[in-house]
Amino acid sequence: MKLSDNISMAFKDLNRRKKRTILTSFGITLGAILIILMVSLGLLLNQFLVSTVNSGSNTKTITINAVKANAEMPKDPKQAIQDMPDWMKKNFKRIDNEAVEKMSKINGVEGVKAYIGAQVAEIIRDGKTYYGTFGIKGYNLNYDIYFNSDVQNAESTSKDINFKPIIAGKTLKKGENNEVLVGQSLLEDLGINNPNDIVGKDITININNINGTIVKPLKVKLKVVGVMSKYMPDGNKLVMNTEDVEKIAGFMQYTNKFFKDYGYNGVTIEGKNINDLNSIVDNIKNIGYFAQSTSDKTAEINNSFNNITFVLSILGVIVIIVAGIGIVNTMIMAVHERKKSIGIMKAVGASSSEIRMIFIVQSGVIGFVGGVLGAIISCILFRIISGAIIDGLIKNGTSVQLMKFAPWWIVLATILFSVIVSVIAGIYPSSKASKLDPIEALRE
């Protein structure tokens, strides 16, 4: 009997018992979805991180947090979230102007950004209130708002040789308060189509709710002096000087001396050369602060995500193996139901190996159907997820080349693995079928 005959017979037999076939292959389908989707998402994140690190503005940057240099980072992510308030209280180290000045004078430093961040939910423009989540960044204007490499990277991303970081109006001026740069990505949220329409106009930040508690409102009136391109790092935020953001952040922390208590949220430093980064990080740690280059941070995040991807992929493998046990049960039932036909085939000369092959092929077909169905579903889900991620990045001014489809090799490997597990699961029932006595089988 040819293999094609066995496959044809397997499909016909499974088609006669559609409900049982679907239920048996469902476990294979679920496992295939887990494996393909998790591995593909892991590769997508890795691709994004590598693209981010290789982008011009990030290869030479170092992030400094308000944390002691000798702080031990929690190893268990779940425990880290639970212990974070206590951990921060123990390891917090205020970043003040003196510390930033020392950092700026480290050999090899090209640029410095010292900032305070906050978030607000209401902005009033022309008497109308707009609701959302609006990020705010307040910079010390003695240093940088953006690096030259930020501009170069944004120009490359926008593919505009005439790119300008400020697309309307002007940038912030040292010594001027109550002025704001509006990120281009926020214009739509504020009901604006033309960037020039908002330049010179006033907007008001309104805060009347702090962590769910209604409070006496704080209204901060700001003059829009310019619009920052959506391709810039802060192209989706409101950008001001630290003094103005200090009032907002202090109000939200119930203090009128925010900077004295908390200092800067963080500092970003750009090195002149990528080879200077390790030396700069060491110098910052000597000043007493935890510092991490972008490449180090990316490797750490990538390793963590790879571990999660591996665990979830193993879960998919386990699901497929468990589904294989279900296939054993299904094929034993199939052997029992076809005892008479097995007896007839043996009576007319079919060998034990041919009988065995019939049921092994049938098991493999169940795995193939489940694997293919899982591959189709996971590819559709991945296309939806990756499309949403890419659209979100573009909306926020980030444009990187990311894969839109699940890699063909993981799809084929998963289908092949599903078939192999199913074939192995079919060995016992097929062996049982091949050993049936034709006379006894025909009597039933």
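Glycine residues also receive a Cβ, built from the backbone N, Cα and C atoms like all the rest.
Taken from TrEMBL, the feature transmembrane segment applies to 21-45 (among others).
The domain 'MacB-like periplasmic core' annotation in TrEMBL covers 21-284. Confidence across the domain 'MacB-like periplasmic core' (21-284), taken as the mean pLDDT and rounded to a whole number, stands at 89.
The transmembrane segment annotation in TrEMBL covers 310-336 (among others).
Sequence annotations record features per position, and here TrEMBL assigns domain 'ABC3 transporter permease C-terminal' to 314-438.
Annotation source TrEMBL lists transmembrane segment at 357-385 (among others).
Tertiary proximity for the transmembrane segment (405-428) is limited to same-chain residues at least six positions away from its ends with a CB under 8 Å from its CB atoms, namely 28, 31-32, 35-37, 39-40, 43, 317, 320-321, 323-325, 327-328, 331-332, 359-360, 362-368, 370-372, 374-375, 378-379, 382-383, 386. Per TrEMBL, transmembrane segment is recorded for 405-428 (among others).
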Revision key, fill the gap. Beyond a gap of at least 6 residues from its ends, the CB atoms lying under 8 Å from the transmembrane segment (310-336) belong to 13, 17, 20, 24-28, 30-35, 38-39, 342, 359, 362-363, 366-367, 370, 417-418, 421-422, 424-426, 428-430, 432-433, 436
